[in-house]
Amino acid sequence: MSILEKVQPIETMLPARYYTMSTEDMEKRVREIKEKMGKMLCIPCHHYQKDEVVQFSDAIGDSLQLAQVAARNKEAKYIVFCGVHFMAETADMLTTDEQVVILPDMRAGCSMADMADIEQTERAWRELTTLFGDTMIPLTYVNSTAAIKAFCGRNGGATVTSSNAKKMVSWAFTQKERLVFLPDQHLGRNTAYDLGIELNQMAVWNPNTDSLEYSGNLEDIKVILWKGHCSVHQNFTVKNIESLRKSHPNMNIIVHPECCYEVVQASDYAGSTKYIIDTIEQAPSSSKWAIGTEMNLVNRLIQKHSDKEIISLNPFMCPCLTMNRIDLPHLLWALESIERGEQVNVIQVDKQVTKDAVLALNRMLERV
């Protein structure tokens, strides 16, 4: 190898050769590397990932389950995370310094997580403190950046997932009189309402105008919701439900709580990704279901439960575009880079951010 070759930087974009490889060859190479590395390698996959990636997963789950997998895994030196950026950050923060977390495609982000940056959040906290004093505790959905998790950790708050949101919101109200919930207003609103908090006791913080939007009395506000949302679940509407009720009156409708309040109220069931999966699995044969969540998962449930009639609540839905960034070529590239000792797309969260964020994560993990 020449000196020039030695100093060339490691590639940061998928090399062209992976575009020309056959699916069979790529699958064969992934299996070879997995067999060779054994327990030194762990590939966790989120439920929204493509089947071409999920087939190689060592663990598949929702955000809570994958956080627990990362926290428990002490054997794997390399964790190749098939999800989006905030999930890989969480895995890095919950694993040891000796473990390496890799995201196959760094473009796999999350629009919801990007709706709350740390500067906006700190500014909002200062403004809200002038209104409410020391009566607030922050909770962040795990679909947030490491910096936002760290902010919550520093301020006595915690993280939540859609699986444990009720438990964590209930806990938060044992700590303070008011709750600031970010970045997903819909999960926060749906959870708070389920716990008996009225809509006029909730306000929305708009980070674009630095203003608090509310209809009731300011002193009665118990929940401040960040004005963020999931770009996928935002596409399920009450019109979808009304249309389905007319065309399929016997269809059960189940949605994720990232859908808006009106959609959740008009549905028959609402719950986390795990809740949706479990409900469909336990449903009687020949039952009929319209599901309001990400399309890769819906398609997987359709394939797995051929004895049931399953459709998407929105007939024009597409998969989560950022989740779909992770594909077989990127997975193989990540694995071959490990094999060569030239890891690409390593996720490393700042140590102080990690220290603060882990406070928030552990407050959640201790209660589930």
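We count from 1, first residue shown onward.
Glycine too: its Cβ is placed from the backbone N, Cα and C atoms.
If you look up Swiss-Prot, you'll see His46, Ser63, Tyr141, Val142, Asn143, Ser162, His256, Pro257, Glu258, Thr273 marked as iminosuccinate binding site, on the strength of sequence analysis. What Swiss-Prot records for Cys110, Cys230, Cys320 is [4Fe-4S] cluster binding site.
You'll find the Cα of His46 (iminosuccinate binding site) roughly 12 Å from the Cα of Cys320 ([4Fe-4S] cluster binding site).
Counting every protein chain shown, 28 other Cβ atoms lie within 10 Å of the Cβ of Asn143 (iminosuccinate binding site).
Note: the [4Fe-4S] cluster site is recorded as Cys110, Cys230, Cys320; in the same chain, Tyr48, Val84, Ser111, Met112, Asn143, Ser231, Val232, His233, Glu294, Thr322, Met323 also have Cβ atoms within 8 Å of that site's Cβ centroid. Using Cys110 ([4Fe-4S] cluster binding site) as the reference Cα, a 10 A cut-off selects Asn143 from the binding-site residues Tyr141, Asn143, His256, Glu258. Cys320 ([4Fe-4S] cluster binding site) sits 14 Å from Asn143 (iminosuccinate binding site), taking the Cα positions as reference. Classification of Cys320 ([4Fe-4S] cluster binding site) by DSSP places it in coil, neither helical nor stranded. Of all the binding-site residues listed here (Asn143, His256, Glu258), Glu258 has the Cα closest to the Cα of Cys230 ([4Fe-4S] cluster binding site). Within the same chain, residues at least six positions away from Glu258 (iminosuccinate binding site) with a Cβ under 8 Å of its Cβ are Ser162, Asp184, His186, Leu187, His229, Cys230, Val232, His233. The local packing around Cys230 ([4Fe-4S] cluster binding site), expressed as other Cβ atoms within 10 Å of its Cβ over all shown chains, amounts to 26. Neighbour count (other Cβ atoms within 10 Å of the Cβ, all protein chains): 21 for Cys110 ([4Fe-4S] cluster binding site). According to its DSSP assignment, His46 (iminosuccinate binding site) is in a strand. Long-range Cβ neighbours of His256 (iminosuccinate binding site) (same chain, at least 6 residues apart, Cβ-Cβ under 8 Å): Ser162, His233, Ala270, Gly271, Ser272, Thr273, Ile276, Gly292, Thr293.
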